[in-house]
Every structure is written in structure tokens, then in C-alpha cells.
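Peer 1: Pulled these from TrEMBL:
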type	residues	note
SIGNAL	1-26	signal peptide
DOMAIN	156-207	domain 'Spondin-like TSP1'
DOMAIN	297-352	domain 'Spondin-like TSP1'
DOMAIN	567-626	domain 'Spondin-like TSP1'
DOMAIN	973-1014	domain 'Spondin-like TSP1'
DOMAIN	1213-1266	domain 'Spondin-like TSP1'
DOMAIN	1446-1485	domain 'Thrombospondin type-1'
Amino acid sequence: MCDVRKDIPLMHILMVSLLFFPGPWGRCMGSDCGPGGSQSRAVWCAHVDGWTTLHTNCYQSQRPSNQQNCFRVCDWHKDLYDWQLGTWSQCVSVSARAFGGMRPHVCNVGKEGIQTREVGCILKADESPGEDAICEYFEPKPRLEQACLIPCPQECVVSEFTPWTSCSKTCGTGLQNRVRSVLVPPLFGGSACPNLTEFQTCKPGPCKGAEGVYSLRLGPWTPCSLPISRPVRQLIQKKRTRNRLNRQESPFWDIQVGYQNRAVSCAHRNGSTVGLSLCQPRELPLTIQSCILPKDCELSDWSDWGPCSKACTDPNPKSPRGQRTRSRRVLQFAVGEGENCAPLEEAEPCDTEGDGVPPCATYTWRTTEWSDCRVDSLLSQQDRRRSNQTGLCGGGLQNREVYCVQANAELLTYLNNLKDKDASRPVDSKLCGGPIPDTSQLCHIPCPIECEVSPWGAWGPCTYENCNVQDGKKGFKLRKREISNEPTGGPGNCPHLVEAIPCEDPSCWDWQLVRLDECVPDEDLPCGPGTQKPQVQCVNSTGEKTLCRGTPVPEPIVCLVPCPKDCVLSDWTTWSSCSQTCSSKTIEGKQMRTRSILAYNAGEGGDMCPNSSSLQEVRNCNEHACTVYHWQTGPWGPCTEDPSASALNTSVGSRSAAGLKANGPCSQGMQTRKVICVRVNVGQVPPKKCPESPRPGTVRPCRMPCKKDCIVTPFSDWTQCSPTSGNIQKKKQSRRRIVLQLPANGGQECPEVLQEENDCEAVKVCPGYRWKTHKWRRCQLVPWYIREDSPGAQETCGPGLQTRAVSCRKLDGAQADIGDCLKLASSMPPVTQRCQLPCQDDCQLTNWSKFSSCTVDCVGVRTRKRLLVGRSKKKDKCKNTQMYPLSETQYCPCDKYNAQPVGNWSDCILAGGDRVESLLGLKVLGDIKECGQGYRYQAMVCYDQDNRLVETSRCNSHGYIEEACIIPCPSDCKLSEWSNWSRCSKSCGSGVKVRSKWLREKPYNGGRPCPKLDHINQVYEVVPCVSDCTQYVWVAEPWSVWKVSNVDLKENCGEGVQTRKVRCMLNTVDGPSESVEDYLCDPEDMPLGTRGSRLPCPEDCVLSDWGAWNRCSRVTTTGLRSVPFGLRSVPSLSEIDPLFEPCSLNLNCFHYFYNITDWSTCQLSARAVCGSGIKTRMLDCVRSDGKSVDLKFCEERKWQMNISCVVECPVNCQLSDWSTWSECSHTCGLEGRMWRSRVVVQGSQGDGRPCPSQMEQWKPCPVRPCYRWQYSPWSECRVEEVVCGAGLRFRNLSCFVSDGSREGEGSLVEEDLCAGLELAVDQDRVIILKEACVLPCPGECYLMEWSDWSPCLSVCVKGAAVDFGSVQVRSRAVMAQEPENLQLCPDPDWESRSCTDGECFEYQWMSSSWAGSPRVTWCQRSDGLNVTGGCPPINPLGEDNSFCDPACQMPMSFCTEAGVCMCEEGYTEVLSSGGQLDQCAPIPVLEIPTAGDTKTDVKTSRAINPTLPATTQPGRTGRTWYLLPIGPGLSRRSCCLEGSICCSKTCIYCSALMGPSPMCKSPMPCAPRHLHTITDAGL
């Protein structure tokens, strides 16, 4: 048995190693969307080593759940949930480790860091958290962390010191100061700014007398306060005065007059305060004055928000939102030094929501129907068809107008009055967005196809007009022709196709001879008379087989089989063609046939040969009269309504403006035409003269087109009132409507008025408001009981304050709310002012009078005066005119003006180009005038006698110089007319024919380009052609009688010759007609005119002529031709010549095949410029020897000889009209320009005229002076009647004028010229004309005024594309006067602010050259400014040579921080045998390949700047190595790792990882080198 207790520990150990492992959760499943779903996952039991086992082997208590509830996501959840992104945390530094261990961090760009944020899925409605899986269903979870950069510490950078100031004293011991300012503040933990001031003592010389030790110092005014208490007696006496002074006319001001005082003390020059008696006897300044008790502005609560300006719902999230505003009222204005009122209105964006809110209007483009297709716009300048444009066809252009309408007008019932109409009211085109529909397009006018007919066929037999009714002996012979194409308008426009000739003895059918059988002698004799049986078939008048009813079959024909002694004659030839087509009294047609003697009779007993007249027969033919008749048709009349048709004609009215198309047929109609019988060359004859069967119809059905009424849009809204030209003419407004569909087919005509113009109504003057100032109250002094102890004070006189009330009035004087004046009136006038109640000893004068008028400008003077008042007239001090002048004189103003041109000439602008086009529609009018005479403009500027800019009207100028100019018109390429077509290159079969044009004038000024020309400036057109091979034929006459040349012993037999005449004749449908020149026929086909043979003798067999060749069956075999039969019997057949003759290919028999040409170029109608055309090719039948023959020799086959094609239309570039002139780019000054532009509506196509390069034009704006308010510089700090202390400084606000070319410059002008401007300086509405200041007492140490703001500086690393923003700074330095007071000086101060577009600078150490003494080193910024701070924190070169022992005396050497002599950049150390620096030699820098460098060769070059950054692979921190040259006694160079150990004599590779090498005898640390560096990746 097993011991179970021993197994328990083992099982326990095994189960500890078995764990449950869950898989990922599956997809959430469920029937409903939302939290009701469920998801599952797999769970298995596995060993930690990876193998799986049964679930029961794992602890069940540790088994995770394999199912859970989940949120089932549906598509509509996308609108409910979204990711919420938290803000990025502060950048936390990440330590970087160099290869081989830690190395000190040197900050060059910044420290790498990581910043994190929180990201969660939320429900949009209440921002409650949701499961991340919901948002992940639609979009991946945004990243939670990102890399960041912590900037390097930026130390403070200051400027150079200013020169030393003059000595603070004129005698004794004083101080001189020099100061500097802060250029870059310390940033990101950088070192603090150094002292901004340096002092040094100075001794101008000993003082001869006692120095001024004490100064009267004035303290600042105390805050304004009311008196605490008053004596009872004064309270009773002043009660009435108090009530009157404190009574206010307006509740908006609570003005209370209080008092304030200030202290006067005596200061020692060491800064201490001493008794006031030490500064006396001196007259003390005023120490008590009246003041206004400060009270802040009080405002009411905000009102409710007003309605949203956008009172509609807009589904487009990118559309601008509306605004709503709220306001508050002023309850109490600020007085004294109280805080001014905050803004009284505020606005915020808003959207109107709710069920009853209508949708916002949307706008879309609409178009009118296309205009008729026109070809004339495609014609070139030289095209002769410009003068007569009738009948033009092919490709053309058609235009339409584009306008903007409200797209959802049918939804806005409160705006829509166009019910049941598709035509919407046009609106401003600026409201429509998106691409503008095309305003022009190519179109096609079908070219008329003229009817083409075949040649007339042969006259048919005489037949009855109606074979079913065969009455009388009169009939007709007919001939016909066919239509060979598909003409425009159908066959009704073709000429007559049937002609008739009256004849007698008509017949509807006849027997046609097929062949004759052999001649069979009578009575079974071997020769003699016999008969031939004809083989016939019955045909009708059209040649079709039929049954011949009632007509006997032709009888056998009598023939003769010659006996051996008879004369032998050939068969009759076929009848020749009739010599005339008809007969008359003077002419008649004849036909002829012949036969010839083959052998003469053989003596007695044989039939004799006939005489020569019997060898020829002549008969009459075409005996009918030359009276040809045919039916002639007139043109079809208009389509009129057919009363029998049931359809009614309707009128098409309103239709969709977006798709106006041609109407289809509306009702059934009929057309009629006139048909008459015409006799050729005579005229109309009675109808019975023409056969009735081919008579054309006189009536046909037709479809009547629908009527099209004119459709116009409703009138647009009236345009805004604007002057038609400048401000001279009366203002006009207009409205227009657009024709959407033109009337047609008798529809309603368009209204005559499409545009209306109206005078604008008088502009309603907005209600104006103004401030009304009330009378100043009595000057109020500080109460006497408060100032009675002040030295020199008098009870009833002195400085005081006076107040007044201000109210708001309308322009008509009516009372108005004060808020209206705050919005619409000018700035509020002051309600308090300082005043002076004169004392008895004061001089009193009246105010200055106005200046007297000037009689002459620029020459005379004008004066103003004032008078002494009261007792002042008798006081001597008041009579001192230097202190109290009673008159002032000034020169009269000199109004002289000078006009002169300024700026460049504008573009050349065509006359009439300034018209203001309507913004409601965009249309292209074809050829817009774009060349010819125009005008260019140059602005005029007007200056006064002081060279100040004034309005141009002062110089009697309208602001421009106008000069005529020419815009050259484009000239198209000009070619000659087409030459005539050449003759076809082949007289028989297919060839080519050519025509050409040549260049007459090249294009210029943007004209149409020329087509591709050859080297002699010609363009050719080549088309295939074909010449009819049967047009001319050879006709041979019968052979003549034999002429025996070698007479045998027997008579009339032997060798002989026959001749015949051969002529070239014109071939017609009726056969050869007339003789022509022989060269027109093919000489190779000319029949023989002479033949020689042997005339058979009586004992010879007589044979007929050879028959026709049969067709060659194969190319490699021969064919045969046969002798039909023997004509006279012979004793023995062995003596007869062979009955068959072989044929040889291309000698006496041929094969035939088709040859088809290439397609021609696209051929257009003569009336077309471009568009649809046809390409043709020619078919040729070629004999096997290469000769072209008639097509009948080739087997019949269907070929496509024409295909359609398209010639690209030469569409000129089409431009829109010029836009209206833009607003002036500058509201004033010399540089203002107005622009207008045009756009390409349709680019050029084919050989059309290209688009011009000028798509914009400009002209100068009228020059207007630039007025602005500008502060004068602050005055010096003024302290009343004392040396130092609290004072005031002042500045003025003046009106300046400039030409706008340079900021800050200008001339002072009268303030009235700035009256229309907002009272603001540099957009700052808070005007400050005085401020408190402190005048330091002698000996005090004080802070100077703020320096100017430094230029905007970018905190960046140049070359690293890292920018940490921009900053500018200003500072205050300390100024000291007494050496013993330096410990009392305040600290310097600086402040910074952010700015934009700062410049990035670099800093580097600079040094002077060696001059036998230590060099001067300094830090310099990359813009050349010498600074302190900013350069790398190392010991500057050559600053101190005392560390090195022995001292570095070699040229170009310096001492390092480690006490080692090194060489400057570009030089290498040459060491002595003892390891000391021996000399500095120029260093050749090795270009060592780095990682990724494909160069394997090492080149040497002279170093220009050997201090280059290490090349490091991205994302990898490499070790930096330095080249360490060794002395001349050693043979190699080595690289030394900074911080490692290296030998002084034998320098080897020493690694920080390996430690010192055992070869190193005297190890020493490696010093840094400012030499060419590489990385370990390059080693």
C-alpha cells in the first residue's frame, strides 16, 4: 500500500506551481444597447512553466470569473460619448545614460522629459465617467504620455556699460557712474543678473567755499480728506455757502471738495533729515490745497441677456454663431482719483434653440438655361466667315447666367412668397459658397448633310403604268437613281429619283434570251440550213423573273452550218450602244453589229461569200421622243395643327431653373407640300403626263413643338444705396431679375423691364447727442481754520477748486439719457478744474482776445491783447510787460501749397472698366473688351509751405495724374486660305490628294497659336481619293477583211492580216458615249489594232475565235481557254489545232484582292470650325500583278468606309468681368492701393487664345493725410520752488500728420484736424498727461528711469529647430552721487514681458590678437553686439596663463583649466620628448567615415573651422572622441576618450571600461580638445 501522507506535500508543491490564467474578454453581446450586455472569456489552469492541465488541479477558490456584465455599444452611442482629455502635466526630466556608464550632462538644447495626462471616456450630457470600451469602440484611446523638452538654464545677459558720467560734484569728492541694461532676463533657473551700475570716485578740485549741505525736500500730497470738525461760528456763517456749493444738478456725480497737505523737510546731503530751520530763510511752497474726494464709479447690475442675433438653427457647425448682449447703467461717475467705469456692455456667442425656431437660410447656385449654340466665338481673326455667319455649324459655345438663391426658401414661410414656383429671388452672390457652376460649355450644331444621288440607271422597257390594268397602247419607259447617303431632313430634300418617257406598245413582261443552242441542220444533214433553239426566261420591267401570260415563246432561229466548200462567216457581234438617248426630227438613235469572213468558199459548188455590205447590220434604237417627265416637289410647309388629332397643344410655363431643357413634342400636326409634273427643259405640264405610281405624297404627319413661355425670376431686393460715381451724383439703388427661359414657339414674351433703378431716399440722420456743460461754480478754497497756520496764507484768496455739472442733450436741446452720450457723443468734458482767487497783491488780467484778422497771407502779422483789471492797473509790478505781457504778435499763416506726383504709375485700365457690375449674377458675354486705349494713374500729393501733408483739394487736384496708355490687342496666327486639292495621285484605284496653307503672320500679344508647321512654315492636309477604273474604256471596232500577204497555191487562203480601229471613250451607264484623249485610258489594257493569222484553205478546218479565259483556280497552276466548236468539217481530226490553250498567272490570267487605305484625318463640313466630323478610307481592287482594277473583279464584301470623329474646338480663354474695386489698402498715406481681379471662367482649349497673365489690376488711392494723436515727451520732474522731493511731470497730447510711410514721424498740426478721431494714443483710450515723480535731492542714491524695452528675443537653440517663446525686458539701474551713501542705494530692477516674432541669437567668445601681453576676451552676440553673459561657461581663451608651469609662450597656444598648454583652433600640438608642448602647427583634419557613411577613403583637407558637432545616429547617445596628435618622434595618432587614462609618451587606445593599459608608464588624464570630433559609432 502507498503511504498517502508522503504524497500530500508533493501534491501541495505541485498545486502551488499551478495557476489559473484568464484570457481577454470577448465581445459584449446582448439584444439591447446599453449596460444590459454580457461578455465572457476563457480561463485555464496552467503550470508556471507553460503547460496546461485540468481545472481541478488548480485551487478553485482562486479561479477568476469567466463572465461579466458589460455595456453593449451601438452606433448611435457615438453622439453620446467622447474622450475627455486632461491637461498635460509638468515636464519631468528623464535621466540619460551614456555608453559605458554615467557621464556629466552638458545642456545644449534641453533635457529630455516626459509629461502625462488623464484620458477618460465621458457622457457628453453631464460629463459623467463611462467605460473606456465605449469610446474605444469608435476611436482608439488617445495617448497618455508624450516626450517633452525642459529648456536649458538661460543666464542673464546684459549690455555693455555706457561711458562714465560726469562727476557728481564740481568740487570735492564725488562719484562717476556707468550703467548697463538687461537684454535677456534669467530664465529656467539661469544665473541672476549682475550689478547694472559701476561707480568710481572723482575729484574735480578743492572747493573754494562752503559746500551746499542742506536741501529743502518736498513730500508727496496726502490722500484727499474732509475736514473733521469746524468751529461753531464758521459753521453758522458758511451754512448758506455750503448748501449752494454742494448742490448738484445731476445725480451722477457726488462731488465733495476736501483738502490734502504735504510735508516740507530739510535734507542733509548724506541722506538724513535735519531741522527745517537749517534750510531757512527760504520761501516755503504751498502745503495745503483743495482736492476732490475720490469716489469710484458705481454701476447697476447687469441686465438680462438680449435676444440672440442669430434667430435660427443652423446644422452646419462651422457657420458663425450669433451674439447676444447685456448692459448696465452708470449710477455714479468716478470723481477725483476714483476708479473709472468698467465697460457698460458685453457680448457673448450664442445659438438659438427651441422647437419653434426656424432653420437658417442656406444658399445655393442656380443657373439659367443655356443660350443658343454659337460658332462665331470660335472663329479666328482671319476667318472669312466672320463677315457672313449664316449656315455655320459644328462645334460651338453656349453660355448661361449663374446666380445665387436661397436654397431652403420653401421652409421659411415667413420669407417665402413664391409658392408653387421654382424660380427663387436672386440674392447677393457673396452668400453662396462652394464652386461656381460653369457659365459656358461646348456645344454642337449638326451640319446639314446634302442629299447625294447615284447616276441615272438605264432606261427600262416600255411598260404599262399599271400592269393590272393594261388599257391602250401608251406606256412609259422609266429610269431611276438612288439616294447614296442619309441627308438632313430625310429624302424629302433630295432631287427627283424617277424620270419617265412616254412610249407605245407597252408590255409588262418579255422573254429574255439566256443563250442559243448549237445550230442543228435540217433533215439530219451534216451541214446546210438549220435552226437554233433559244433558251429564254420571262422577266418584268424591273428585270425580275415572272410568268409571261398570253405571250408566245420565241420561235427557233434560222442558222447555217457551212459545208466543206461553203464560205464560213463568224457570228454576229452584239449590238453596239445606241448613239442617241432619244429620237427627234433631226436625230435618231442607231445600233450596229458586224460579222467577218473566216474562210472563203472552196471552188464550185460551195456557197459564195457575201459582199462587204452584208457583213454589217444597222437598226434604229431609242425611237422614243426626247420628252422626259418627272414629278417635282416643293418644300414642306409649317407644321399646323391637325384637327383630327386628339392631343391638345399645351404651354410650358414654370419649370425648374436648375435644369431647363428643350421641350418635347406636344401634339399631332400635319405638313403639306406642292407636287407638280415637269417636263425637262420646258416646265410644268398637266399631271397626266407623268406616271402616277412614282408620284410623291403631298401630306405627312408631324409633331408640333410645345410653346415655351418666358420665365423670369422675381425682382431681387433693392441694392444698398451707394453713389454711382464718387460723391458727386445722386445716390442710386437698383434691383434686377434674370431671364431663366426665353420664349419659343409662340409662348409668352419676356417683360421689357429686367432692371429697375431708383433714387435713394434721403438718409435718415441718426439722432445726435452732445454734452452740455453748465456754469462753473465759485472757486472753493480750503477752509481757513485749516490753513490759517500756513505761512503767507490769506483767508479770501489762493488756489482752490471749482466744479460744474454736465448733462446730456439731443442736438435739438432736449434732455437725453446720459447713457446715450456715453455711446454716441464725444468724450465727456471735465467737471472739476483748479482755480485761483486773486489776492490783493496779485496782478489780475483779462483773458486773451482773439487774434486780429490777416489782410495778406505770408506777409502780414496778427495780434491779440489783454488788459489789467482793477487795482492791478496802478501796481508797478503789474506794469512789467516782460512778466505780464499785454499783447502777442505772430505772423499770418502762409497758405501756399505744392502738388507733386508720388508713387508708381498704375496698371493700364481700359476706359469704361470702372462700371460697377451687379453682384447678383455671374455671366460671360463672350468677347469682353480687353485691349485698346486705356488710362493709367499716378497719385498726387499736396504739401503746405511747411512741407506738411494736406488734402489734395488744397492744390485744386482730384488726386490723380491721368495718362493715356495702350493695351495691345492679341493677334492670332494668320495662315493663308486652303489651296485647291491636288489631283488624285492615281488615275485608277485609291491614291491621295493634298492641300496646304502657309504662314502669313505669327501670333503676338497672346493671340491664338499656330498649328504645327513644317520646316517651310506650311501645314498640310492629306486625304485618300479613288479614281474610277471604268471611267474611260477602250472600244475596238470590228476586224477588217483579211488581207492575204502570202497567197498559197490555192486561191484566197494562206497568211493574212486583219486590222481594226481602237478608241478611248468616256464610259457612261448607257455605255461608251464619246471619244477622249488616249492618255486617259490605261495603255496596258489597250486592245490590239492588228492581228495576223492564217486564212484557212478549202481543206483546212475552220475554227471560231478564242473564248474568254476561265478563272485561274490556283496560283501555281494554269488555266485554259477553249475553242467553242469547229465551223467546217475536215477529213481527219488529227490535223485540228488543240481546242484548249493553257493560261499563266499574271500573263494571261490574274487573281484579285482588296486593298484598303488608312483612315484620313478628321474631315469637317466646310461650314464648321470644329466638332463632329468623319474619317474616310478608300477601297481598291488590286490585280495580282499590282494593278488597280474595277471593284467588280473582286469578290463582294461589306466594308466600313466612314467613322465619326471629333476635332477639338479652339476655345479662347474666357474671363469673368473685372470685380469692383476693393477698399483702399491704407486709410491714409502714400501707399494706398485699390485692387480688382478677374478669374478664368473657362481655360483655353485646343488652339484657342491662351489666358492673359494679368489677372489683377491696381490703381493708387487718393492721398489723404494720416492724422493721429501723439504724446509729447515727458517733461522733467518739476518740484515747486524747492530743489528735490515729490513732484510732477507733464506731457501734451497733440495732433500730428504724416504720410504713413514711417511710424513715429510726422509734423505738428492744429488739433481741429484730429477732431474726428477717437481720443486714443496707440489704441489706448486712457489718456495720461501727468504723473507723479521724485526729484532726488543732492547726494541721494536713486533708481534711474526705465530703459526702453529690448528688442523681442526668441529663447531658442539656433540650428536645432527648438523655440521656447519670445521675451523682451527693460531695467532700471542705480545712480549714486555721494561715496558715503552707497550703502543706502536700492537694488536695480528689471521686468519682462512676452512678445512675438523674436529673433534667435547665438553667443560666442571673441579675443584680440597677441600683442606681447595677455589678450582681451569678450562675449559677442551673433548680431555683433558685445554682451556679458550668454557664452559657454568655460574659461575664455588666453584670459590667464598663470596656471601652466612652465608658462605657455609658444605662438597660438593657451593654458587650459587643467593646467595644460594647448593650441588654438586649427592648430595641432607638437610635443617634445618630455611630453611638453614644443610648437603649434596647422592641423590637417581627418574626415573619418561615420556610421552610415559609404565612403571608405580618408582624405586630408585644411581645416577652416575644425570645431564641428559630432555625428550621432538619431536616438542614440554616442561617446565623443577627440583627435589627439602626438609629437614628431612618434609614428601614429590615437583617439582618447574624455575622462579616460592615457600615456604621455606612448599614446594608445584606452577605454573607460577597460581601465589603464599595462603599457602606460606615466598615465595622465585626457584633456578636452576643441578639435574635430567623432563618435564611437565611427570607430
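Cβ from N, Cα, C; glycine included.
Heads up, TrEMBL stuff is auto-annotated, nobody curated it.
The model shown is predicted, which means the values in this text are computed figures rather than measured ones.
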Peer 1: Looking only at the domain 'Spondin-like TSP1' (297-352), what is the model's average confidence as pLDDT?
Peer 2: 87
Peer 1: Write out how many residues of the domain 'Spondin-like TSP1' (567-626) are helix, how many strand and how many coil, based on DSSP.
Peer 2: 4 helix, 19 strand, 37 coil
Peer 1: When DSSP states are grouped into helix, strand and coil, how many residues of the domain 'Spondin-like TSP1' (1213-1266) land in each?
Peer 2: 0 helix, 19 strand, 35 coil
Peer 1: Could you give me three numbers for the domain 'Spondin-like TSP1' (156-207), the DSSP helix, strand and coil residue counts?
Peer 2: 0 helix, 23 strand, 29 coil
Peer 1: Going by DSSP, how much of the domain 'Spondin-like TSP1' (973-1014) is helix, how much is strand and how much is coil, in residues?
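Peer 2: Going by DSSP assignments, the domain 'Spondin-like TSP1' (973-1014) contains 0 helix, 16 strand, 26 coil.
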Peer 1: Going by DSSP assignments with H, G and I as helix and E and B as strand, what are the residue counts for the domain 'Spondin-like TSP1' (297-352)?
Peer 2: 0 helix, 19 strand, 37 coil
